[in-house]
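What TrEMBL records for 44-71 is coiled coil. Annotated domain 'COS' per TrEMBL: 105-162, in sequence order. The domain 'Fibronectin type-III' annotation in TrEMBL covers 164-271.
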Amino acid sequence: MDTQKEALRRIISTLANKNEELQTFLETVDTTLSGLQEESSKVTSDLEAELEQLSSALDEKGAELRGAIKEEAQRKEVQLQKQLSEGRVAMMSCEELLDFANQTLTITNEEEFLKAAKQIKERVTMAPAFRLTTRPAASSSFSEFTVDFSVERAGLQRLHFLPVPAAPQVDPSCCVVCDNTVMVAWQPAGEGGADGGGGRIERYEVEYRKTNQESPLRAAGACWEKIHDITDTQVTITGLKFDSHFVVVRVRARNKAAAGEFSEPVAIETT
C-alpha cells in the first residue's frame, strides 16, 4: 500500500503541475484574444487612413483588403475560442481528478484504496489535460497586414499587404552565459536568406526577462526588457544579475516596413 501511495503522490504532483500549466495557458489565450481585437482594430484603422488618400479606384481593392483582415481575425478568433473552451474543460477535469486523488489518500481500507488508485490511473491516462496542446493556436499579431501605399498609388491593382520578415530562430547551442552576461545568437528564417522571407532585414529586436521557470510559457507575467536596432545576428546582454535560474529570450526581425513575428521564446539557464 505504501508503494501505491507513493505512486499516487507522484500522480498528484503531476496533476498539480499540469493544472498550473493549464491556468497559465488559459491566461495566455485570454490575453491573446484581447490583443487580437486591439491589433485587428489598429491595422484596420491604418488601412482606412491610407484608403482616404486614394481615389474611387481604391474602393474595390480596399474592400478586398478589409475582407482579408476580417477573415484572418475571424479565423484566429474561432481557433482561440475553441482552445479556450477545450482548455476550461481540461482544467475542470484536472481539478476534479486532483480532488479525487487527494480524497483517495485518506482511504484506510486497503482494498478500497487500491480500487480507487486503479481508477485514478485509468482516468489520468484518458484525461483531456494531457492531450491538450498548451500553446495558443493563433497569435494576436497582424503585422503581415501592415500598410503604407504612398509609393504604390500609380499601381492600384498591385496593392497588397507589405511583406514582413519571418520569425528568426534562436540557436541555444551558440548562446553563452558568462560573468552576468548572456550572448544570444540566432538564425534568420529560411536557408541562408538575408531577407528572412519578407524583404531585406534592416535590424533585429531582442526581448528578454528573468524567470525561475524552465518553460517559457509558465514564465509569463514578467515584463520584457528590450534591445533595439541590432544589425548582427547576435547580441550580448550585459548588466544582468543572475538572481534567477533562467533568462527567457526571443527575437524578431524588422525591415523598412514593420517588425515580423517573434521567434519561439528560449529559456537559457544561468545557474
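Placed from the backbone N, Cα and C atoms, the Cβ positions cover glycine too.
Residue counts for the domain 'Fibronectin type-III' (164-271) under DSSP (helix as H, G, I; strand as E, B; rest coil) come to 6 helix, 45 strand, 57 coil.
Each residue in the domain 'COS' (105-162) gets a DSSP state, and the totals come to 29 helix, 0 strand, 29 coil.
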